[in-house]
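Data block below; observations after.
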Amino acid sequence: MITSPTTWPSPAKLNLFLYINGRTDNGYHELQTLFQFLDHGDQLTITANDSGHITLTPDIVDLPVEQNLIWKAANALQKKTGCTLGANIHLNKILPMGGGIGGGSSNAATALVALNFLWQLGLSDDELADIGLKLGADVPVFVRGHAAFAEGVGEKLTPAQPEEKWYLVVRPDVHIATVDIFTHPQLTRNTPKRSLETLLDSEYGNDCEKIVRMIHPKVDKQLSWLLQYAPSRLTGTGSCVFAEFNSRSEAESILAQLSDNVSAFVAQGRNISPLKETLADYLSAQNRPI
């Protein structure tokens, strides 16, 4: 066990494209999407101990700790391995909840990766991803730490190398429940499947965007504004929208034109997750294999 406090990034992600191809027999949606990480996100500071208990600070209003994905991830790791160690976990929350940029899933993945290291459990990425999949469909991509093309119901991941562009990410002041979008009767569910090579060479889109813009005027307004300046899309099921640029200065020049009451940030796309890079640094410092 490593008992000194360590700090770990919990990065945001974007769905650079998202297409819905159909439904499985049990009602889940089949999709094709491209995940890329951002160099922007939450932070978890974790101190391992021998108490056997997981404590999480600060408290989140209206969310019992046992329902928090960080706590669930730590508890699942204990049960999977029989580990009797504990940890104090402090979350520095930057990413919005319900924004479509992976906040909760990223938090869960960071907890799994960090505690596997601190408790010296030796689980592989595959084993951690299996635990993570039970917590949320997006958790495995954060665990594996590489930009990825996802297919099926999101469980089939192929590493990808999209261009690492700069993004202006804007969060309209609305909370969007994924279930509301995926159950909408007008949602496109029959986009033909295409190869990754074909998709990377095509104009990117998001099959959820039309529905979200229709039922959430604030999203429609913000996306219409961004489209004046650059290619722009919804990420996931929203509410965040993003515009892509070739340089940081271009993105920041448009950010400067936003109203002060609009929540937004500029970040660069990363094909290797900041979490994976941090783990490599800690392993190197411990002289352990990467």
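First residue shown is number 1, and so on along the chain.
Backbone N, Cα and C atoms are what each Cβ position is placed from, and that goes for glycine too.
Look at Swiss-Prot and you will find Lys13 (among others) tagged as active site, backed by sequence analysis. In sequence order, Phe35, Gln36, Phe37, Leu38, Ile101, Gly102, Ser106, Asp138, Val141, Phe142, Thr235 make up the list of same-chain residues 6 or more apart from Lys13 (active site) whose Cβ falls under 8 Å from its Cβ.
Of all Cβ atoms in the shown protein chains, 23 besides its own fall within 10 Å of the Cβ of Asp138 (active site). Under the heading active site, Swiss-Prot lists Asp138 (among others).
Positions annotated as ATP binding site by Swiss-Prot, on the basis of sequence analysis: Pro96, Met97, Gly98, Gly99, Gly100, Ile101, Gly102, Gly103, Gly104, Ser105, Ser106. Following the DSSP three-state reduction, the secondary structure of Gly104 (ATP binding site) is helix.
For the ATP site, the Cβ centre of Pro96, Met97, Gly98, Gly99, Gly100, Ile101, Gly102, Gly103, Gly104, Ser105, Ser106 serves as reference, and the other residues of the chain with Cβ at most 8 Å from it are Ala12, Leu95.
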